[in-house]
Amino acid sequence: MSSAMSLTGIGLVIVATIGIGLFGLRISRTTSDFYVASRAVTPRWNASAISGEYLSAASFLGVAGLVLVNGADMLWFSVGYTVGYLMLLVLVAAPLRRSGAYTLPDFAETRFQSAMVRRICSGLVVGIGTLYLLPQLRGAGLTFQTVTGAPPDVGAAVVAVIVVINVAAGGMRSITFVQAFQYWLKLTALATPIFVILIAWRSGDHQIGVLHSLQGAAAEWAEPLSTAGGRDHPLYSTYSLLLALCFGTMGLPHVLVRFYTNPDGRAARRTTVVVLALLGMFYLFPPVYAILGRSFAPDLVTGAADTVVLELPSRIFPGTTGDLLGALVAAGAFAAFLSTSSGLTVAIAGVIDQDLLRTRLTRLTGGDYLAVNSFRIAALLAMTVPYVAFRLTGALSLADTVGLAFAVAASTFCPMLVLGIWWRRMSTTGAAAGLIVGGVAASAAALINVIGAPTAGWPRALVVQPAAWTMPLAFLTVIVVSKLTPQSIPAGAARSLVRLHTPEAVNVDRNPTPLP
Amino acid sequence: MSGYGRGVFARRRKHFGTPADKATYATLHTASLASPYLREGLTPAAAGKASRHLRDLLGTAAIAICDSSGVLAWDGVGGAYESNHRRDARSLAGPTLRTGRTAVLGVHDVACGDPQCPIRTASVAPIVIEERVVAVLVAYSERSSAALVRATEEVARWVSGQVELAELNKERTRAMEAELRALRAQISPHFIYNALAAIASFVRTDPERARELLLEFADFSRYALRRGGEFTTLADELRNVERYLVLEQARFGERLTVSLQIAPEVLPVVVPFLVVQPLVENAVRHGLEGTTGIGRITIRARDQINEAEISVEDDGAGSDPEVIRAVLAGESSSDSIGLGNVDARLRQVYGDAYGLVVETQVDAGTKVTFRIPKYSSGVHASP
């Protein structure tokens with residue numbers, strides 16, 4: 001792979017990203033030719049933006065790597081990452097938008113009227129965000145290593161610095177056009193090499209042998225629920241993974257803030273439907289890379305599997321074609337962790353700024369500070385912690401770490417959102433207990449993974465894929481504690497639910513205070 | 001930060017903590033525990049929660065707070081003693097409620113038959129608000145002393161002060177609400193007159209345009225004069241600003257250029273009703289009136305993560321910063337329509353960190369900026 005060409009591709013991504021950001025800000029028109037109504041973000045744009053922010057290094061590089069090593073079961077990653085939005089659509093999207101909440105802690109406050117639940121949520125947002133940033137940095141390190149040969153630490157540091165500068169200076173922000181561009185860039189970068197390979201195959205220039213070689217190890221690899229790649233208890237692991245992915249998406253901090261951009265609950269639903277289509281399209285491609293990788297880059301199965309997407313084009317087409325395609329893929333991968341990391345950093349920094357930093361700064365300086373500076377400090381903090389964690393932790397695979405972030409989200413925010421939206425008798429104490437129990441259980445599993453998981457058997461399965469026991473545990477805790485503490489059901493619960501479930505056009509009293 | 005504060009406090013106490021100092025600290029601390037409840041006003045719930053701390057202050061066997069309807073709160077010995085004494089607390093309080101004079105009641109007035117009962121005497125002090133006795137504080141003890149009577153009086157006076165603050169707070173909220181109503185009614189009569197005159201001028205020459213303008217005017221007034229709902233979305237508010245500007249442009253023609261830079265991400269943000277329009281009206285006035293040249297107005301709404309930042313800028317005559325400072329402080333009502341009012345409403349809803357920021361200088365134009373948090377508890381748009 002030509003590093004000069006790849007670096008050029010990466011450079012172009014950065015320039016284009018910042019360029020669109022600046023251009024988007026400058027657009028201004030006069031009243032004669034434009035109306036505000038026509039400028040609201042349409043579900044299509046918003047869906048592209050959500051997908052752009054959502055598709056991370058784990059999707060771009062990690063899924064292909066996992067399928068390459070562990071075989072057919074890993075296809076569930078592709079499915080799960082997408083199906084999460086179906087759950088979001090059915091259970092959460094519209095009511096959450098109608099709640100008026102911008103972040104998850106906002107929702108907790110408006111539904112449970114409790115500063116304590118809000119603080120727990122803020123802590124969890126920072127925790128989940130950090131856990132999700134970790135694999136992004138690792139992906140960045142890998143890409144840099146593959147492209148330039150520099151050690152992974154360097155690549156991660158470069159991305160961390162770019163993201164912090166970008167976010168702090170206001171370049172990336174949550175500008176819809178930028179994130180929407182990122183989606184189409186990633187899709188193009190991932191799809192083009194596949195189509196080129198297909199065309200080459202049709203014209204008979206290259207023999208793709210994978211379809212003839214499903215014997216021995218390859219047969220086990222292609223078999224569902226096999227123990228290929230050394231995974232024990234494949235049935236449990238698969239279900240657990242699916243639970244985490246299906247119910248974790250709704251608890252991802254950087255995804256939910258985007259829903260605020262929808263004008264109403266109906267638009268939120270329509271956006272989610274488009275997201276499902278866009279993600280479905282994207283996730284067709286990583287498994288194709290894995291299958292081709294089995295044939296053209298078998299050495300990666302036991303090596304750096306996560307680099308299969310980056311390596312494949314130059315393995316199939318040595319020479320300029322391979323270099324060009326390689327540069328395209330590298331640029332796409334860079335876009336993947338740049339956009340997700342920026343989205344996450346903005347979301348985490350927003351929470352740190354709002355719930356932790358600002359009151360302190362006000363007291364420290366007597367109110368004599370700029371709100372922007374508070375956010376900048378928060379952005380720096382939001383990236384420093386995962387970077388330090390990245391330096392300290394060992395080599396977990398990309399998709400596994402992301403899976404853990406999903407598991408924590410599914411065991412904490414999912415019960416709070418689903419029961420909070422659909423169950424009137426959920427009490428504040430129940431919410432707090434569920435968040436704490438689910439959070440502690442899932443984070444403990446994640447922590448054991450990071451330090452060093454048990455090597456085999458049930459202990460390993462339970463720790464690597466904790467969602468199947470931590471999520472029901474959290475739901476159960478919320479339900480039992482809520483039943484035991486009916487006195488702490490928030491006073492305006494019924495009114496809150498009316499607000500969450502009534503379409504905006506219907507004229508009902510939505511005041512937060514209960515009627516006398 | 002509060003933890004740090006407490007740490008310093010504790011260390012100092014070790015250095016110079018005479019018994020008298022310690023007693024003062026303890027008293028002040030107990031008083032501070034009671035004050036948040038009293039600030040809610042003298043309701044039974046609030047009085048009940050505060051009475052525990054008030055009894056701590058006085059150190060008596062029991063206290064009661066009574067108003068003319070009966071006992072609002074009781075704290076201290078319970079059981080049969082409580083029900084006995086609670087029953088005749090209202091009659092003990094009667095004279096003080098009527099006269100406002102402190103009373104000391106002896107054994108034959110207070111004591112019940114039970115010799116074990118710690119309640120034998122009572123001091124009754126009035127709680128006075130605006131020279132009206134609204135309630136009394138009754139402190140029950142085994143024997144009365146001049147010191148206890150004095151203490152009861154002082155505590156009752158302190159309670160009066162706190163409750164008065166509660167009244168003041170309510171008053172302020174009412175004033176704010178009245179001000180909001182006033183602002184709605186205040187859609188400037190000049191504007192209505194000028195808009196209708198401008199429309200009239202098109203009736204013959206361009207009837208189609210006149211019709212469109214009249215419809216804009218109808219929509220504008222329906223929005224501006226609507227009832228109910230303190231909040232709306234920024235999209236609705238800006239749509240109304242557009243209607244307003246279309247009408248103004250009918251009047252000023254080429255002289256008024258408007259440019260809008262609106263980040264679509266902030267359109268769903270919930271804002272106080274009529275928060276942008278008065279600023280734009282102000283900008284049109286300052287930017288155009290008194291000159292014959294072209295006035296440029298720029299309206300921006302930017303996405304700032306947790307907040308939306310909205311600014312209205314004109315390149316007109318500008319004003320003296322001191323004048324604007326006086327308007328924002330509510331000391332002058334000059335011709336800056338609604339500036340002070342918008343500022344006050346923003347501060348009331350979102351806190352003092354969210355007022356208007358005005359950048360201006362004579363002959364240098366004016367830029368008014370404010371921020372709105374994307375989420376603020378209890379703030380919802382109404383359709």
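Placed from the backbone N, Cα and C atoms, the Cβ positions cover glycine too.
Predicted, not measured: the structure shown is a model, and the values here were computed from it.
Listed features, source TrEMBL:
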type	residues	note
TRANSMEM	A:6-25	transmembrane segment
TRANSMEM	A:75-96	transmembrane segment
TRANSMEM	A:116-134	transmembrane segment
TRANSMEM	A:154-171	transmembrane segment
TRANSMEM	A:183-201	transmembrane segment
TRANSMEM	A:239-261	transmembrane segment
TRANSMEM	A:273-292	transmembrane segment
TRANSMEM	A:324-349	transmembrane segment
TRANSMEM	A:370-390	transmembrane segment
TRANSMEM	A:402-423	transmembrane segment
TRANSMEM	A:430-451	transmembrane segment
TRANSMEM	A:463-481	transmembrane segment
Dominant neighbour of the transmembrane segment (A:370-390) in A:116-134, A:183-201, A:273-292, A:402-423, A:430-451, by Cβ pairs under 8 Å: A:116-134
Beyond the flanks of the transmembrane segment (A:324-349) by 6 or more, those residues with Cβ under 8 Å of it: 1-2, 5-6, 8-10, 12-14, 17, 52-57, 59-61, 103, 125-126, 129-130, 132-133, 136-137, 139-140, 143, 146-147, 159-160, 162-164, 166-167, 172-174, 178-179, 182, 185-186, 188-190, 192-193, 196, 253-254, 257, 309-310, 312-314, 317, 375, 378-379, 381-383
Non-local residues, at least 6 beyond the ends, that sit with Cβ under 8 Å of the transmembrane segment (A:430-451): 108, 111-112, 114, 116-117, 120-121, 124, 127, 131, 389, 393-394, 396, 400-401, 404-405, 407-408, 410-413, 415-416, 419-420, 462-464, 466-467, 469-471, 473-475, 477-483, 485, 488
Winner by Cβ pairs under 8 Å against the transmembrane segment (A:402-423), considering only A:75-96, A:116-134, A:154-171, A:239-261, A:273-292: A:239-261
Interface-richest range of A:116-134, A:239-261, A:273-292, A:463-481 toward the transmembrane segment (A:183-201), CB pairs under 8 Å: A:273-292
